[in-house]
Amino acid sequence: MKKGGGRNKGFPQDDESSISLRQLMVNEGLIPSLEDEVKRRGVINQLRKIVVRWVKNVAWQHRLPQNQIDATNATILPYGSYGLGVYGSESDIDALCIGPFFASIAEDFFISLRDMLKSRREVSELHCVKDAKVPLIRFKFDGILVDLPYAQLRVLSIPNNVDVLNPFFLRDIDETSWKILSGVRANKCILQLVPSLELFQSLLRCVKLWAKRRGVYGNLNGFLGGVHMAILAAFVCGYQPNATLSSLLANFFYTFAHWQWPTPVVLLEDTYPSTGAPPGLMPIQLPCGSHQYCNSTITRSTFYKIVAEFLLGHNLTKDYLKLNFSWKDLFELYPYANTYTWFTKIHLSAANQEDLSDWVGWVKSRFRCLLIKIEEVYGICDPNPTEYVETYTKQPNIVFYWGLQLRTINVSDIESVKIDFLKNVNSGSFRGTVGRIQLTLVKASQLPKNGECGSNNRSKKVTKTCWRIREDKQCNNVPVYSKHLPGYVVGYQKMVNREADGMEVKC
């Protein structure tokens with residue numbers, strides 16, 4: 001990362017503009033309270049105690065010598081928005097459980113640790129996601145949502161603050177653990193590289209709010225995710241180590257409005273020389289590994305939308321030193337209803353709210369395929385990430401409205417899009433109760449009055465791509481016995497009845 005730039009010391013307006021921007025952050029609720037921080041820190045500390053007890057119990061089950069049982073250890077490392085210090089009051093916690101070589105993910109993590117967590121009074125809504133790219137346990141601890149993946153290192157004991165950048169701990173680990181560790185390693189690299197942690201955190205809070213308001217935030221919809229935004233913010237901070245917050249935010253939009261994509265954004269230049277063309281339309285290199293890039297779902301449509309918003313952001317912030325400048329325009333909600341004539345309406349429903357959460361999470365994990373198909377049929381599509389609820393419908397539902405750029409549309413073409421998408425949804429291994437999908441085309445004039453961005457009808461909590469292991473009549477509790485202590489039950493696993501399989505979604 002090159003260092004350069006400087007603070008505009010000759011302009012008192014710069015300080016005034018930064019004060020105004022910080023006040024906006026407070027007004028928007030971007031700064032969590034001290035109580036929020038204490039509560040989250042308490043959750044992490046409790047989880048660390050739990051996994052230490054868990055791993056010692058696992059060591060005993062594996063019949064390790066007493067001295068090794070006493071010495072072994074596991075730990076919890078927070079990452080994501082909480083690890084970077086940019087979480088909000090509604091944010092969840094991404095926390096990685098790191099265990100030693102003998103603690104397996106299949107038996108010890110997903111069964112033994114899951115049952116230990118489930119027995120805790122602070123834990124509720126515990127789900128397991130085994131088939132995802134990042135297998136994890138998801139639950140609420142004292143009301144705070146926690147995503148807990150697992151990585152296994154080839155050592156007996158994990159230091160409490162293990163250095164995940166140290167090659168000693170990374171030797172001979174499996175591919176799943178390597179992928180999971182990449183997020184934690186990226187966090188640590190970013191925090192080491194930025195010249196001012198406080199300014200980086202403030203800048204990242206601002207650009208994430210901007211991305212959400214302008215509809216360009218969310219990996220599942222083909223936009224920028226949290227790690228993308230963090231690297232872009234760190235990149236700008238590295239070029240202006242002495243800048244004010246307002247100068248950094250204006251320079252953020254100047255930099256990426258003029259960026260020559262697909263030139264990759266690289267924090268550590270020349271550290272890992274590239275041997276081939278970087279992947280994707282907007283390649284952003286992870287700062288912690290050779291030739292590793294952020295996972296990207298950006299398509300032709302979303303690329304154009306992101307670039308357009310960078311340009312608009314630059315036009316809105318280039319005069320930030322002028323008298324009476326206001327930051328509010330930068331964070332205006334995107335005017336979907338005034339921009340597009342036609343919309344693809346995606347209506348998802350289920351029998352109850354819990355089933356709906358699982359169903360929406362599964363369907364959203366297939367959204368990129370739907371977006372590409374719509375692009376083939378209709379051209380440019382703007383997949384608004386906002387989740388709406390049709391309050392006049394009794395059945396629990398979530399609705400999406402994706403803008404289409406064409407002025408005239410062949411309505412019958414939606415049938416081919418629908419058939420193709422249903423095949424994709426049915427081709428996976430969804431473990432929950434199958435819901436319902438309806439794909440239709442509607443005009444902007446047909447949008448519900450409260451269906452526009454910024455309405456009170458917006459769902460506050462975005463549904464995650466997670467589906468639970470069902471705990472209903474379609475499942476049986478099957479005891480799982482230790483491989484090392486015959487007759488010793490380590491926990492119970494949910495097994496889906498065969499007759500419940502083979503269900504397909506229909507419109």
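A Cβ is built for glycine as well, from the same backbone N, Cα and C atoms used for every other residue.
Owing to the predicted nature of the structure, the values given are computational and were not obtained by experimental measurement.
The ATP binding site feature in Swiss-Prot is assigned to Tyr79, Gly80, Ser81, Ser91, Asp92, Ile93, Asp94, Asp147, Lys208, Tyr217, Gly226, Val227. In this structure, Asp147 (Mg(2+) 2 binding site) is part of a beta strand by DSSP.
The Mg(2+) 2 binding site annotation in Swiss-Prot covers Asp92, Asp94, Asp147. For Asp147 (Mg(2+) 2 binding site), the Cβ neighbour count at a 10 Å cut-off comes to 19, with all displayed protein chains included.
According to DSSP, Asp94 (ATP binding site) sits within a strand segment. Its own atom aside, the Cβ of Asp94 (ATP binding site) has 25 Cβ atoms within 10 angstroms in the protein chains shown. Under the heading Mg(2+) 1 binding site, Swiss-Prot lists Asp92, Asp94.
What Swiss-Prot lists as site 'Interaction with RNA' is Arg368 (among others). Arg368 (site 'Interaction with RNA') falls within a helix when secondary structure is assigned with DSSP. For Arg368 (site 'Interaction with RNA'), the same-chain residues that are 6 or more apart in sequence and have a Cβ closer than 8 Å to its Cβ are Leu220, Gly222, Thr297, Thr299.
Taken from Swiss-Prot, the feature site 'Interaction with RNA' applies to Lys373 (among others). Non-local contacts of Lys373 (site 'Interaction with RNA') by the CB criterion (under 8 A, 6+ apart in sequence, same chain) comprise Val417, Asp420, Phe421.
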Ser81 (ATP binding site), DSSP three-state class -> helix
Spacing of the two Cα atoms, Ser81 (ATP binding site) and Asp147 (Mg(2+) 2 binding site), in whole angstrom, works out to 12
Quick note, Tyr79 (ATP binding site) and Asp147 (Mg(2+) 2 binding site): C-alpha atoms separated, nearest Å, by 10
Here the 10 Å Cβ neighbour count for Tyr79 (ATP binding site) comes out at 25
